[in-house]
Amino acid sequence: MAKVYYDQDATLEPLIGKTVAVLGYGSQGHAHALNLRDSGIRVIVGLPEGSKSKRKAIEDGFAVFQPARAVQEADIIMFLTPDTVQPQIYKESVEPYLDSSKSLAFAHGFNIHFRQIVPPKDVDVFMVAPKGPGHLVRWMYEEGKGVPALVAVHQDASGFCKDKALAYAKAIGATRAGVIETTFKEETETDLFGEQTVLCGGVTALIKAGFETLIEAGYQPEVAYFECLHELKLIVDLIYQYGIAGMRYSISDTAKYGDVTRGERIYQLVKPLMKEVLEEIQKGEFAKEWILENQAGRPVFNALLEKDRKHAIEEVGEKLREMMPWITSKELK
Ligand SMILES: NC(=O)C1=CN([C@@H]2O[C@H](COP(=O)(O)OP(=O)(O)OC[C@H]3O[C@@H](n4cnc5c(N)ncnc54)[C@H](OP(=O)(O)O)[C@@H]3O)[C@@H](O)[C@H]2O)C=CC1
Ligand SMILES: CC(=O)[C@](C)(O)C(=O)O
Ligand SMILES: [Mg+2]
Ligand SMILES: [Mg+2]
């Protein structure tokens, strides 16, 4: 069984009196910066000139510097820009100013694991990877709760790297929910696998396939939307709170029978595909493809996103969500 760390297992002490430079102020960046500050840690934000999120960081009361300047001022440098730009930021704005008094931190292991960033041996390198979207990392913290996270140490130059990682995890609220120690390899491969096959790719594929099947068979789009998208959250909420068995307690026997018999057929079809996707990740094929796609200016990525943006489910969804304003009461800034 994995060792799980909670609030009482971690102390903020390694971060007291230190400065954390948060590079990037997007989904994770704003959440980490605000949570760290609310936990009493000194935070500065690093963003390039002309950054769109600079105004938001300033409005939130942070001192914002060019990344290179933020790195020079900081003891701990947390990379919270998109993974794809981190190697360039590292080369230009971090590496020249690194010394053994500074630590590098990541929220995802991609660039270290796939060796897009290779730090000098005398700096501490750790990861605190929340297992949830950045906005939830902030909202949960504000409610006195937390999003679970993984911590990992890639290089322990100081002998105290794990304590720093746990302190950071505590300061963003993760130890309230539970923090598991892992490796950069395990976090990177499982995170990519999860988002590709279950959380993002898998779920959106199921939703779209279900919605399309119903409308192609002549059913009303509104009915298909409620059935295949809206109700998904209600079912997932039950699974989240009570487990799969708990969810099944709440649904009808007819639904349960369909679930275990028809669900089994979907399962048989999907599991070999999931294995295939995992192998692509483990062999570095996905990473290579994604790095090349970025170098080419993201043609496939942009085209596929645009295709889905125009999907009929978005049009009907927008109208139906307008009638349920409580659903989107919080703005995704
Ligand atoms: N999204 C999530 O919830 C999760 C993300 N992670 C990991 O966290 C990290 C951050 O991801 P995420 O929060 O999604 O990132 P975002 O895409 O939300 O980050 C965007 C931020 O990075 C800034 N930025 C973009 N390019 C540069 C640059 N060249 N130099 C400095 N800043 C730049 C953007 O500025 P501007 O506004 O100017 O574009 C913006 O502030 C990644 O490693 C990711 O894998 C881990 C767990 C979950
Ligand atoms: C939100 C999260 O954990 C993801 C899906 O791994 C990510 O945004 O990279
Ligand atoms: Mg993830
Ligand atoms: Mg991820």
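Backbone N, Cα and C define each Cβ position, glycine as well.
A quick note: this is a predicted structure, and the numbers were derived from the prediction, not measured.
Taken from TrEMBL, the feature active site covers HIS108. Annotated NADP(+) binding site per TrEMBL: TYR25, GLY26, SER27, GLN28, SER51, SER53, GLY134, in sequence order. Residues or ranges marked as Mg(2+) 2 binding site in TrEMBL: ASP191, GLU227, GLU231. Per TrEMBL, Mg(2+) 1 binding site is recorded for ASP191, GLU195. Taken from TrEMBL, the feature substrate binding site applies to SER252. TrEMBL lists 2-182 with the feature domain 'KARI N-terminal Rossmann'. Residues or ranges marked as domain 'KARI C-terminal knotted' in TrEMBL: 183-327.
Everything TrEMBL records as a feature, shown here on the structure.
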residue: TYR25; record: NADP(+) binding site; contacts (Cβ under 8 Å, 6+ apart): ALA33, VAL45, LEU47, SER51, SER53, LYS54, LYS56, ALA57, PHE62, VAL64, LEU80
residue: GLY26; record: NADP(+) binding site; contacts (Cβ under 8 Å, 6+ apart): SER53, LEU80, THR81, PRO82, GLY134
residue: GLN28; record: NADP(+) binding site; contacts (Cβ under 8 Å, 6+ apart): LEU80, ALA107, PRO130, GLY134, VAL137
residue: HIS108; record: active site; contacts (Cβ under 8 Å, 6+ apart): ASP83, MET127, ALA129, GLU187, THR188, ASP191
residue: GLU227; record: Mg(2+) 2 binding site; contacts (Cβ under 8 Å, 6+ apart): GLY210, LEU214
residue: GLU231; record: Mg(2+) 2 binding site; contacts (Cβ under 8 Å, 6+ apart): none
residue: SER252; record: substrate binding site; contacts (Cβ under 8 Å, 6+ apart): none
Item to check | Candidates near ligand 1 among the binding-site residues TYR25, SER51, GLY134, GLU227, GLU231, judged by a Cβ under 6 angstroms | outcome: TYR25, SER51, GLY134
Checklist entry - Counting across all protein chains shown, how many other Cβ atoms sit within 10 Å of the Cβ of ASP191 (Mg(2+) 2 binding site)? => result 20
Checklist entry - What Cα-Cα separation, expressed in whole Å, is found between SER27 (NADP(+) binding site) and GLU195 (Mg(2+) 1 binding site)? => result 16
Checklist outcome for this item: Mean per-residue pLDDT in the domain 'KARI C-terminal knotted' (183-327) works out to 97
Checklist outcome for this item: Taking DSSP helix as H, G and I and strand as E and B, the domain 'KARI C-terminal knotted' (183-327) has 128 helix, 0 strand, 17 coil
Checklist outcome for this item: In whole Å, the longest Cα-Cα distance within the recorded NADP(+) binders TYR25, GLY26, SER27, GLN28, SER51, SER53, GLY134 is 19
Checklist entry - Quick one: which of the binding-site residues (SER53, ASP191, GLU195, SER252) have their CB closer than 6 Å to ligand 2? => result ASP191, GLU195
Checklist outcome for this item: Least crowded of the binding-site residues SER27, SER51, SER53, counting other Cβ atoms within 10 Å of each Cβ, is SER53
Checklist entry - Within 10 angstroms of the C-beta of GLU195 (Mg(2+) 1 binding site), what count of other C-beta atoms is obtained when all protein chains are considered? => result 13
Checklist entry - Which recorded positions from the set TYR25, SER27, SER51, HIS108, SER252 come near ligand 3, judged by a Cβ under 6 Å from any of its atoms? => result none
Checklist entry - Across all chains shown, how many C-beta atoms besides its own are within 10 angstroms of the C-beta of GLY134 (NADP(+) binding site)? => result 19
Next on the checklist: For a Cβ distance below 6 Å to any atom of ligand 4, name the binding-site residues from SER53, GLU227, GLU231, SER252 that qualify, or say none.
Outcome noted: none
